[in-house]
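These come from TrEMBL:
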TRANSMEM  C:6-27  transmembrane segment
TRANSMEM  C:32-52  transmembrane segment
TRANSMEM  C:58-80  transmembrane segment
TRANSMEM  C:92-113  transmembrane segment
TRANSMEM  C:133-159  transmembrane segment
TRANSMEM  C:193-216  transmembrane segment
TRANSMEM  C:222-251  transmembrane segment
TRANSMEM  C:263-284  transmembrane segment
Amino acid sequence: MMSFYYSYQPLIDFFLIAVGLGYSQQLALRAGVFSIATAGFSALGAYATAILVTRYGAPVPLAILVSAVVGMAVSYVLSVPLARLRGAFQAIATLAFVQVVIALLLYFEGFTGGAIGISGIPRVMNTGWLLLAVLVTIYVIWSINRTSVGRVFNALRQDDSVAASLGVPIKSYYALAFVLSGLIGAVFGALRSLYVFNIEPVDFGFHAMVASLTVVVLGGRNTLLGPIAGALIMAILPELARPLAENRGILNGVILILVITFLPNGVGDELVYWLRRRLRRTPKTMSKREEGTDVVAAD
Amino acid sequence: MKLSNLFTTCTAMALLPAMAAQSDEYHVVVLQALTGPAAFIGTAVADGMRLAEQHINEQGLLGEGNTLKVTYADDATDRTQTMTLIARYANDPSILGILGPTSGAVAIAGASSGNQYEMPVVTTTNTPEVLEQGPWSFILTQPPEITIPYLVDYAADVAGAKECAVIGIRDIEAYVALQKQFEKLMMDKGVKITTVEQVGGTDSDFSSVATKIATSQQDCVFVSASASQGANIIVQLRQAGLDPATPVFGHNAFASPEFLDRGGAGVEGVTFIADWVPGGYDDFTTAFATEFRERFGHEADNWNAVGYGGMLVMANALKSMEEPSREALRDQLGKTSEVRVAAGQGSYSVDEKRYPHVGMNVLTVQDGAFVQAPR
Amino acid sequence: MLLQQILNGTVSGAIYALFALGFTLIFGVQKLLNLAHGAIFMAGAFIAYYATAQGLPFWFALLLATIATGTISVVVDFVAFRQLRKAGHAEFAAIVTSIGVDLILMNIAQQVSNTKVLSFPFGTFPVKFFSFWGMRISLLQLTILGLVLFLVLALAYYINRTSFGRQVRAVSSNEHASALLGVSASAVYRQTFFIAGALAGLAGVLIGLSFNSIHFMMGEPFLLQAFVVVVIGGLGSLQGAVVAAILIGIVQSLTIAYLSSELSTAIIFALLFVTLLFFPNGLFGRASNYAGGSRR
């Protein structure tokens, strides 16, 4: 077991980071914001922490705190114009945001290291800390789901005009969901930079955007299990197909198509729905906790 | 860990009688980007290494009865996979060293992992940052501060450039480093850098940049890009009406048959520095070129030659160890001296800073073929 | 220099348009984010390359590539999207299946080409330059401009004036209602995917030819560009997409010429962002055809 852990430790750690970024992505989608800005938030968080720690010798907790504040501030500012847009237009606006962030990181070379990026970042993260960060994130989202805020998010996703007619201040809730997404994205970006020794702009490009989105769509957009399941599949896939060497792209592709075709709500969500259906049949076992995490049974 | 060591030892002891006395199997891993964005470099390096592996075992370069076992692995130019694979190989006591990862952030992350697990890693890249990660990481190609002076001396002193325009790929870190070094050394020589244009690593439409440079004044253009992209940029510069008398310079990536295939008549007269003289220039290098063509069905390029040499350097270090261990391999890699390779000027050494030295050639394209540039 | 740069931008824009037309057919009309469009485009260039390498004349290779990529696109729809559409899950799930298709096609192309960058042999298309008003334009650039103009007009006619076009529009606004009226949705999807794929393949051949470079990842930068084009143009608006593509080509060309090539990406995307603030449905989009209606 220990030997397994040592051999796969980086895989486990990257899995945890992917789960964190997945939650950032999921929060936005859950509230009906088709955002792919998570890569941009994680870039800002990663660079803020990396620059503070390597250039100014800032203590790590302070650097992470600054990253969190930067993530929240930027996502708040971004949420204002995004509330005016819909669906695909939100996706493209956030795509533009990420592209601008990357272009600026490349341009302000003196400050960001340009294409070469920033290296010599101390590795202070390990499996324990990352696990703690993921657990805290899950707890926070779980708590939100139990309050009325969680239900409003679900209402916004399903039909925001109904929500508006019921007197819900849509814009504030959009902003709240987006700021949370920015916060989590930036913090996990910061944690990642404290794990990988060096960062460069391409780490946060189109591939990073697509990766977070894939984790959530594959795992599920509504339940807490979603990003965990999605990140797990994305972590295991490359290792599973390794014997195929240069042909493993084909197997990865086939598996992605098959999984989502047969489980279109995402593996995690489908699993939760299935469990819930089983539990419903025997109402006695339905605890208060499932009530709390209950999300859109009608979906 | 302890248990698995014990297990390996037991297995080895059980197998001993079956094997000839004194014969060792040295196991190394080639971990390159065989897919993903750096695959253009990684696959070529791995092919060079495959040929070297064959030669080492056929010719018994590791000493009587000793064999080289090579495992080839792909990190898909992905840092997660590189770090996972290095962790896994570090946990396998039979593996002595790793040739890879390929380049960029992945190489630096791999170097960090190598130091963390005390596993020798020889990355393909040329950035000294890999060396700064600790004593277990090495670079296979010479850093820009060693290679670019060959080019700058030629451009400023032989070709007499006074004003130079620069076009570079913005997102491939190795090329950016070469470009910066070129700008710096040219300015040190009093040459003016008129403009610096940046393009993306997967772009193919350079018409705007080409028009901008073709309509400006300069007596030298430096292009920092891969062979095919560089040829493409130069062809589009010519099509935009760049004065045919303006000399165009490049770096070692151009030493590839691809450069001629892509560029055709458009790249005639382009001058660049090269690790590899295509086709070879003496018995050793022409033999490599011939055998490479026979095995892989196409001409060897710069990265094939680099990979071939990298495996020979590894074999030399393996052979020099008194007792096989990762520590001994690390020490021997740091002492590499005058190993015969196909790249550069043919003799590979590592200095006290662990910088590799193998020399550079200045080549130019004449009548559709690479020749040594006239002095 | 100014005129030449505007001309460069127009030609680049026309090529973006060629790529974006097929993309907007699928993304705009069917609300499917087809991330495999770049790979289909790449496949077009590959097929034409290997056909000419077999000694076939270029025009025939072009035709072959166009038909083949149209067929590939229909197969992709059948394998990756049809099932999702039936279950009503297409909007998000299609992102994952199209990435799957993208991985498969890129992997095959990388194996076939040995990771090498390929290019059509010299003289595949006659190299000829025309000079006027101090500008240079090649025969190939002129051909591309003409071809894009023709294709846009033909497509606009097809969508707006023929019964097939009416069916496409009917299916895109309400699949169930149009089924009641006897419109076969699956036939419409088949045709749309064929046309989109054929356009992508054609674009791939022309881009591979004019920029002298064919490789397994060539679709990526164009895919990113296509998002921008399709949105600025207004989802599903063919004419809008063409105008937006050419506009973006020119802006890009002028930023490189007069500002900074290093900042051109930042400027383009900042402009995009600002455009969306003032025109939330794109420059040419109508409020009615936004893609947000199907959110669940």
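Cβ from N, Cα, C; glycine included.
Here the transmembrane segment (C:92-113) has Cβ contacts under 8 Å with residues 32-40, 42-43, 46, 50, 72, 76, 79-81, 84, 214-217 of the same chain, all six or more residues outside its ends. Sequence-distant contacts of the transmembrane segment (C:193-216), counting only residues of its own chain at least 6 positions beyond either end whose CB sits under 8 Å from a CB of the stretch, comprise 15, 18-19, 21-23, 25-26, 34, 37, 40-49, 61-62, 65-74, 76-77, 106, 109-110, 113, 115-120, 124-125, 140-141, 144, 147, 151, 155, 222. Listed stretches C:6-27, C:32-52, C:133-159 were compared with the transmembrane segment (C:222-251); the greatest number of C-beta pairs under 8 angstroms is found for C:6-27.
With a cut-off of 8 Å between Cβ atoms, the residues of this chain six or more beyond the transmembrane segment (C:6-27) that come close are 33-34, 37, 41, 73, 135, 137, 141, 144-145, 147-148, 151-152, 155, 192-193, 195-200, 202-203, 206-207, 210, 222-223, 225-226, 229-230, 233, 235-238, 241-242, 244-254, 291.
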